[in-house]
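Below: one structure, written as structure tokens.
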Amino acid sequence: MAVNQIALSLQGLHKSFGAKLAVDDLTLEVPAGSMFGLVGPNGAGKTTTLSMATGLLRPDAGRAVVLGADVWSDPAAAKALMGVLPDGLRLFDRLSGRELLRYVGLLRSVPAELVTARSGELLEALGLTEDADNLVVDYSAGMTKKIGLACALIHAPRLLLLDEPLEAVDPVSGETIRAILRSYVAGGGTVVLSSHVMELVESLCDTVAVVAQGRVLATGPLDEVRAGESLQRRFISLVGGRELDQEALAWLRSS
Amino acid sequence: MVAVLVRLKLALLRNTLTRSVWALVGLVLGGLYALGLVAAAYAGFVALRLSGSPELVSGVTVIGFSAVTLGWVLFSVLVSGIDETLSPARFALLPLSARRLQPGLFAAGLLGLPGLATTVVALGLVVVWSRSVGTAVAALVAVVLGVATCFLLSRLVTAALAELLSTRRFRDIAVVVLALSGAGIGIGVNVVADSFATGTSWTGLLGRVTDVVGWTPLGWAWALPAAVAEGAWLGAAARLLLAVGLVVLAWIGWGHFLQVRLTSPLEGQSGSGKVRGGAAVDRWFGATPRGAVAARSLRYWRRDPRHLANLAALVVLPVLVVVMQLTQDAPNELVVVFSPLLVAFLLGSVLAMELAYDGSALALHIHTGLRGSDDRLGRLMAAGTLVVPALVVISVACVAIAGRWDLLLAVLSMTLGAAVVIAGVSSWISVFWPGHAPPPGANPFGKGSSGGFEALLSFTVVTGISFVASLPVLAAGIGSLWIGWLQWVALLLAVGIGGVALWLGVRVGGRALDRRWPEVLRSVTALDA
């Protein structure tokens, strides 16, 4: 089954907002069973790409295929295989954490008993049990991220698409999340996560893609992409780093 | 600072206009409407100026402009919401005090269609009182004080209410108080008008109402030129003092709330507290995707202040109509009996906003692959759970008050029939013009400046289609006043047409939603940065 060895395939994705080109002919293949890091500077089109892969944003051109199911021509099949943690979108935050998990589980047609059992385990693992009956609107940024991750996991998807999963999460919970993601991949799942923290991607991912200005600059196994350097240095040289001029921002030092 | 804030407001306006065609259409239509109002007002002013009777002039201007002032307060609270483009919370991080912001926010706030139209119309007061220099100067002072009062009072009232509504403990009370005070004003006006109507001539009535209104806070400023014209110098001085005092107090009060908002923005002030129970709700709707949508929607009717305010308005409206009828000497029992229909027709605007209220949280429905028809049906199930019993109770109560039990079946058929038709139609139409709304927890009285037009368009279309569709039911119901058995026809028609409308809303609307998910998400998140 050659098709199934590719968990997520993005083919020639294209999206522009008015005159601004956000994603420009982006093609990417994520092998099944990999921990895939999507890295790029701010405004590189990471979130736009993930939105088009999850059915939230209609691409101007191109296809997104999840384990053989096309997101835009067979959305039901594709979406059932994916667990999604979007970034910068609100949750139904007038529900408590427990209610939100139950809601997502039922929307995903998970049987009610299974939802109850799994949400208990997820809340416990992510350290949210104490706040499970508080409204999500009262959660801190890190707690909101964690309940969002729990929502993405509740139906045991084959592919996880996580936009900035560790942002604002404390080190202890961060380690828990890494452990969860590692065991998920070890069990045959595939993770695609976006980040601009190179150390995180380097320590967690086995495959990476560097994206800038809506295009893929490099993709492949981590060691191939970083080519003997640290990912940080390689990333800067790919994207084109900017040296800070000696004279620049001089006024900032005077205070 | 004033110039900076005014330029900021204009820049924001320009950017919204270049980003959305609907915003431009809305502005043009609003502008035309305002121009029409101004033209009509000036035609009236010229006629008044020519008529020459000072009693008539003072009566019409005092009552008219006091009504405008009241309108500013009521409309900003109940209907249109205040323009939040320069929300004070956005300045919270800047080293600015309320004292420095206030003049700029005042100027920028008046720099909108309502502010400009009010100012231009108010300047007509000078035209009307241009017979002598004294009255003209008094009129000019009145215009400045009056327009300031309009703006400051509306800001003060909305700020105070928003503060109350932002803490969950007070929210329920505040909603009820707000609704009741709306009803109270209606009743008060009716009672006052009634007591004056007993045995006085028309001009005498005008004079007495003018006297009363001119001494309320709404009319202090506006009655100033009239007092000068009469030569009542003591009264003029008192009014000037009172009007200036009111402006100063409102300015200080508004400044206080600005300062509060600058140091503790409204967002996130929802208070904490454990959520308990609710298992009954989950069991009632069942563990299916559509049941989950229904249970979530029902919880939001309770926990989201915007839904709660809508619900209160729906219930208060018929109460208002009934009470106003009962305070009259000869109440019209038919008006009482058919007032529940009002609720049914207002329901459209509430249901059509459901998608917009969700905002970007709606993304969850999309990436979980929820079917459009499940989304539509779930929301209708939740609304039905609340609205159907409420409509039945209201209908029976109205029939009981009027003592027309013979009309019970007709009223129930018409009210529930129209409500179901509207629910179905708005469930279908709102997929095409979902509009957008500020997030919950933001100022509940704030409204996006351009989402308003899309929302208005969908409300007009929904109400229009629903009215035409439910005409047979209404006709049969009204016909049953003369031919009794027609109420059975009304019942049959209500079931038939209502069924078709529900099918339309759930199936056709659901299929449209399946196709349009990304576009709907884009529309409802238009307010997010």
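Every residue gets a Cβ built from N, Cα and C, even glycine.
Taken from TrEMBL, the feature transmembrane segment applies to B:21-45, B:57-82, B:103-130, B:136-161, B:173-193, B:232-254, B:308-328, B:334-357, B:377-402, B:408-434, B:455-479, B:485-506.
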Legend entry - Sequence-remote partners of the transmembrane segment (B:334-357) [C-beta within less than 8 Å, at least six residues beyond its ends]: 297, 300, 304, 306-307, 310, 313-315, 317-318, 321-322, 325-326, 379-380, 383, 387, 390-391, 394-395, 398-399, 401-402, 404, 407, 411, 414-416, 418-419, 422-423, 425-427, 429-431, 434-437, 440, 451, 455, 458-459, 462-463, 466-467, 474, 481, 520, 523-524
Legend entry - For the transmembrane segment (B:485-506): best-contacting stretch of B:103-130, B:136-161, B:308-328, B:377-402, B:455-479, by Cβ pairs under 8 Å: B:455-479
Legend entry - Intrachain residues whose Cβ lies under 8 Å of the transmembrane segment (B:232-254), provided they are six or more past its termini: 102, 138, 141-142, 145-146, 148-149, 152-153, 155-156, 159-160, 214, 217, 220-221, 223-224
Legend entry - Best-contacting stretch, by C-beta pairs under 8 Å, relative to the transmembrane segment (B:377-402) and drawn from B:103-130, B:308-328, B:455-479: B:308-328
